[in-house]
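Asks: Pulled the feature table from Swiss-Prot, pasting it below:
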type	residues	note
SIGNAL	1-20	signal peptide
CARBOHYD	N72	N-linked glycosylation site
CARBOHYD	N139	N-linked glycosylation site
CARBOHYD	N240	N-linked glycosylation site
DISULFID	C307-C316	disulfide bond
DISULFID	C315-C378	disulfide bond
DISULFID	C344-C409	disulfide bond
DISULFID	C348-C411	disulfide bond
Amino acid sequence: MHCYLLSVFLTLDLAAVALSLSTCSTLDMDQFMRKRIEAIRGQILSKLKLTSPPDEYPEPEEVPPEVISIYNSTRDLLQEKANHRAATCERERSDEEYYAKEVYKIDMQPFYPENAIPPSYYSLYFRIVRFDVSAMEKNASNLVKAEFRVFRLQNSKARVSEQRIELYQVLKSKELSSPGQRYIDSKVVKTRAEGEWLSFDVTEAVHEWLHHRDRNLGFKISLHCPCCTFVPSNNYIIPNKSEEPEARFAGIDDYTYSSGDVKALKSNRKKYSGKTPHLLLMLLPSYRLESQQPSRRKKRALDAAYCFRNVQDNCCLRPLYIDFKRDLGWKWIHEPKGYHANFCAGACPYLWSSDTQHSRVLSLYNTINPEASASPCCVSQDLEPLTILYYIGKTPKIEQLSNMIVKSCKCS
């Protein structure tokens, strides 16, 4: 009886070794590509909060230059970030996530002196918020993350219940009334609801300011479509009807709430003193960086530099170019016409040895439960965003879609 049980165990053991060499599914490139294309279709619609592609209208003969400018600057920023990472060999993200960070709070610079009335260039359609981060310049290379936080006040008199506000990085421009800008993020807010904090990731903008002081021109808060009226609940646009921001922000719209009364202005400032717009900077202390031991040799990156020049059946990055018109049947995305989405595929074999008991247990589990395989899968590791310029009706819109471009893979 004991010999029989031993024989069964060895048979299962050897079978498990063979099974453990497989990935989550059979390597069928055509199938992987079809699934990736359909996943991208769903991703784009989901990230834009659309249930179906917008109705198609004839594209305008010429896109407004200011729209093209925003698209180009946002696209170029993403490319600069990618180039910077490749050129400087940045610290591994695992180090940044592991070590404790020091947090610094930097309040917004006041618009005007304590007893003064705002200047005449105060705009009804946008707000400019500035910060002095010069004190942090000596620690610029240690910046891990920066968040812009602003408190939305309840506006019970708001004419609309919802508005989509957008945050831009202000760029150099000849005209103060019409600054250049780079899109960062957007949020839909309920204007009449109880006040709340809104947070935006502004790491890249602050990183740029710390290295180039002259580029620190602040942030711009504006509506999604100041030249029209945008209805977030159904993505409907009313053209040629300018919309004013109904969302109010502590420390920014104090003058609006005080109706020009200096006494009321002081009262509002005191009331919301703890809710001033501010930056939260998270830095990795220098002494923690200096105390790190020299890192061990890193694993070979399963990225384009390696995978595209080596024929691999194992887990690797696979090239895939998506043409929006050809592959998705879409004409509503104006720029780009397509992009290199890529995908991960290939086997993830276990490293088998007599002392790897963990692998032995996983393999036996894989044999007993084939439908719930514990084998590692080939998945994406590094992803980059994609900027698109598209139309809803005749209105151009620019969006940055996160995690759309696969840059490297791993077994997990």
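Backbone N, Cα and C define each Cβ position, glycine as well.
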Asks: By the DSSP assignment reduced to helix, strand and coil, which category contains C316 (disulfide bond)?
Replies: strand
Asks: Neighbour count, 10 Å Cβ-Cβ cut-off, for N72 (N-linked glycosylation site): what number do you get?
Replies: 15
Asks: Taking the Cβ of C307 (disulfide bond) as reference, which residues of that chain separated by at least 6 in sequence fall under 8 Å from it?
Replies: C316, L317, R318, C409
Asks: Using Cβ atoms only, which residues of the same chain lie under 8 Å from C411 (disulfide bond) while being at least 6 residues apart in sequence?
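Replies: Long-range Cβ contacts: C315, C348, P376, C377, C378, V379.
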Asks: Given N72 (N-linked glycosylation site) and C344 (disulfide bond), what distance in Å do their CA atoms have, once rounded to a whole number?
Replies: 29
